[in-house]
């Protein structure tokens, strides 16, 4: 249980701190908020290193409390995802939101896959403390680069220079800024009032939370059910599944811009559901690999589609909505693994396969919600665009 908390605490803080930090971007600006998150994370990793270096002179109780506390601080870095999403949203017009956020999140989410492959070698060559030290130095370098190259959106820059709200918005709109921040309190309040945001929370809980859950669960699935080595399980999870999911988020954003987020969400959750069915019936390495790849593609595209829809449904509360969707949605990574483990407890070894019924059910629910949004918003918008095209043709 204690070891479990040490592993889970960075994920917990990384998930739920997304909500306040994302909202603060609207008040403080993305540069200040993200810099603060990076600094807190640097302090957390430094604390872990110092604790490990002096662990022999500490009581087990004190060492555990220190590692837990510093782990919580280090996990603040994970919460940058939502504040970063809000930060990026203000820089792009609505027609490019899917592509911009797809690139940001897609490339950013390659980290779990890359580091899953790197960490075992870092531990062997550098040792535990050396691996943490290497990460700490890397984090410092990234923070310095961010401080030098980043800047807040046009609107917030102009406000800081003394421009009035009206004038700042007018000038910013000339540079194609279409989304404008409000106060942290207002953005959270406004986002929480929108039922569409809560639907997006559910959809993201299933796609991204489900993705995080499988990055934790698949190594056990591969070793105990399929019977591969730990190294092979790491490759299948970190490179094949995690990296593929992240990379497909990039074209997923582009497709969402082109065809509509609702339509792409329906298709992507359908792909996810199909992949889960393969995993339910598979008992062999090749078929399970195919199922894993199909699920990765569906999840990656679905993640992009959800965040394409976020500025559309919460255009006046992007910061709050990003925090709620990113924070509560990622909680799936905490709640789904115990449910998967429960299937193994009840059904034995075959429970590893049967547990994917959870994803089948979730996938069907997501298709239903996405279809509802499509017919309420996406289809209507498409029909309007067709009418406009007809008017243009008549004018010609």
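These residue numbers are counts, starting from 1, taken along the chain as shown.
Heads up, the Cβ atoms here are built off N, Cα and C, so glycines get one too.
If you average pLDDT over the domain 'Major facilitator superfamily (MFS) profile' (1-378) in this model, you get 91. Summarising the annotation, TrEMBL assigns domain 'Major facilitator superfamily (MFS) profile' to 1-378.
Taken from TrEMBL, the feature transmembrane segment applies to 6-24 (among others).
Outside the transmembrane segment (36-56), and at least 6 residues removed from its termini, the chain residues within Cβ reach (under 8 Å) are 17, 21, 63, 66-67, 69-77, 79-80, 83, 128-129, 132-133, 135-136, 139-140, 142-143, 146. TrEMBL lists 36-56 (among others) with the feature transmembrane segment.
Proximity of distant same-chain residues to the transmembrane segment (62-88), defined by a Cβ-Cβ separation under 8 Å and at least 6 residues beyond the stretch ends, is recorded for 2, 5-6, 9-19, 21-22, 24-26, 30-31, 33-34, 37-38, 40-41, 43-48, 51, 55, 100-101, 104-105, 108, 139, 153, 307, 310, 318-319, 322-323, 325-327, 330. According to TrEMBL, the transmembrane segment annotation covers 62-88 (among others).
For 100-123 (among others), the entry in TrEMBL reads transmembrane segment.
Taken from TrEMBL, the feature transmembrane segment covers 129-149 (among others).
Under the heading transmembrane segment, TrEMBL lists 194-213 (among others).
Positions annotated as transmembrane segment by TrEMBL: 225-244 (among others).
What TrEMBL records for 264-287 (among others) is transmembrane segment.
Under the heading transmembrane segment, TrEMBL lists 293-311 (among others).
Cβ atoms under 8 Å from those of the transmembrane segment (323-344) belong to residues 8, 11-12, 14-23, 79, 81-83, 85-86, 188, 191-192, 197-198, 200-213, 215-217, 306-307, 310, 351-352, 354-355, 357-358 of the same chain, restricted to positions at least 6 beyond its ends. According to TrEMBL, the transmembrane segment annotation covers 323-344 (among others).
Non-local neighbours of the transmembrane segment (350-375) in the same chain are 196, 199, 202-203, 206-207, 210, 220-221, 224-225, 260, 262-263, 265-266, 269-270, 272-273, 275-277, 279-283, 295, 298, 302, 305, 309, 336, 339-344; each lies 6+ residues outside the stretch with a CB under 8 Å from one of its CB atoms. Marked as transmembrane segment by TrEMBL: 350-375 (among others).
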Task: Within-chain partners of the transmembrane segment (225-244) [C-beta distance under 8 Å, separation at least 6 from its ends] - done: 109-110, 112-117, 120, 211, 214-215, 218-219, 284-285, 288-289, 292-293, 295-297, 300, 349, 352-353
